[in-house]
C-alpha cells in the first residue's frame, strides 16, 4: 500500500489532499460509538445489525445493493443521504442511479430507530452501518466505523458524476483520487465487484459485439471461452437480452465477499472493461496479483477502504439535519 501511495503523481496527490482537507472538518468530529446512551435504552448499532441480518437471511444480494448504495452516495457530495431523497431532479433520478437498490431497507431501519429515539440517528449513518453489517454477513472482515454524520439538505441529479464501466485503469485512479484514494485503494474498492451483477447492455457493445466500434468485434482481452459463453447463452446479440443479468464474479461467489474477483482478472474473466483494465495496466496489475494471492489481505484492506470512503465530506455537529424520514427533507 505504501509503494502505491508513493507512486501517485503530484497533481493526484494534491487533489487527494484537497478532498481530505474538505472532509477533515466533519470526519474529525465523527466518533466510535457516537450513539451510545443517546437512544434511550436501545443500542443503535445492534438495531441496525439485527434488521440487516434479517434481510440478508431472506435476500443475500442485499450486500451488493448496499455496497453500491454507499458508493453512489459517498462519491457525490460525500456521505450525506442525498441519494435517498425522492422527487424530480434529485440524485436518485440521475441515470447511473436508476438501478440502485436497498432504499427500502434503509427506510425500515430508520422507521424502527425513530420509534425508539426520534430525531437522533441520521440516514447517512444508517447507510454506512447497514453496509458494514452486510459485508460481514457475506464473509467480509468485521470493521468498526465512526458515526455522527448528519444529512445534507441537497440532492441534485446534475451533481451525479460517477466512473464509467469502460474506464481505463488510469481514469479510474484519477476519479478515485477525488475521494482521497490512491491506486491501491482504487483496486481494493473495485473489489466490491466480488458481489453483485450488471446487465448484458453494459458489455454487449463495448466487449462482445462492437469492440473498438467495429461491428462483430469481440474484445481480445476477454478470455475466449468466457466470451463464447456470454455470446451463446447469456447475452446473445438480440435486444431482448439487454436486461439479462451478468454476475460480476462467478455465480457461486456472487454473494460472497472474497478475493475471487481478482483471480478472475488474472484469467481475463473480468466482466466490465474497468475491471479487466486493472490487470491490463502495468501500474495496477501488481496490486491485483497481490490481492488475488491473499484473501486475508483483501478482506482487511476492503474494510479500511470502505471506512475511508464513508468519511468523505461528511456533515457533523449542527450542520445539515437529522431527517424524520430518509426520502424527504424535514
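Don't overthink the numbers, they just go from 1 along the chain as shown.
From the backbone N, Cα and C atoms, a Cβ is placed for every residue, glycine too.
TrEMBL does not curate its annotations; it predicts them automatically.
Features reported for this protein in TrEMBL:
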type	residues	note
BINDING	163	substrate binding site
BINDING	193	heme b binding site
DISULFID	39-117	disulfide bond
DISULFID	74-79	disulfide bond
DISULFID	123-326	disulfide bond
DISULFID	200-235	disulfide bond
DOMAIN	29-330	domain 'Plant heme peroxidase family profile'
SITE	68	site 'Transition state stabilizer'
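Non-local contacts of residue 326 (disulfide bond) by the CB criterion (under 8 A, 6+ apart in sequence, same chain) comprise 81, 84, 103, 106, 107, 110, 123, 126, 151. Sequence-distant neighbours of residue 68 (site 'Transition state stabilizer') (same chain, 6+ apart, CB under 8 A from its CB) are 100, 101, 102, 192, 196.
Sequence-distant neighbours of residue 200 (disulfide bond) (same chain, 6+ apart, CB under 8 A from its CB) are 230, 234, 235, 241, 242, 243, 244, 246. Listed in sequence order, the residues of the same chain lying 6 or more apart from residue 79 (disulfide bond) and placing their CB within less than 8 Å of its CB are 70, 73, 124, 127, 128, 149, 309, 310, 311, 312, 313, 314. Counting in whole angstrom, residue 74 (disulfide bond) lies 13 from residue 163 (substrate binding site) by their C-alpha atoms.
Note: the Cα of residue 117 (disulfide bond) and the Cα of the residue listed as 'substrate binding site' are spaced 38 Å from each other.
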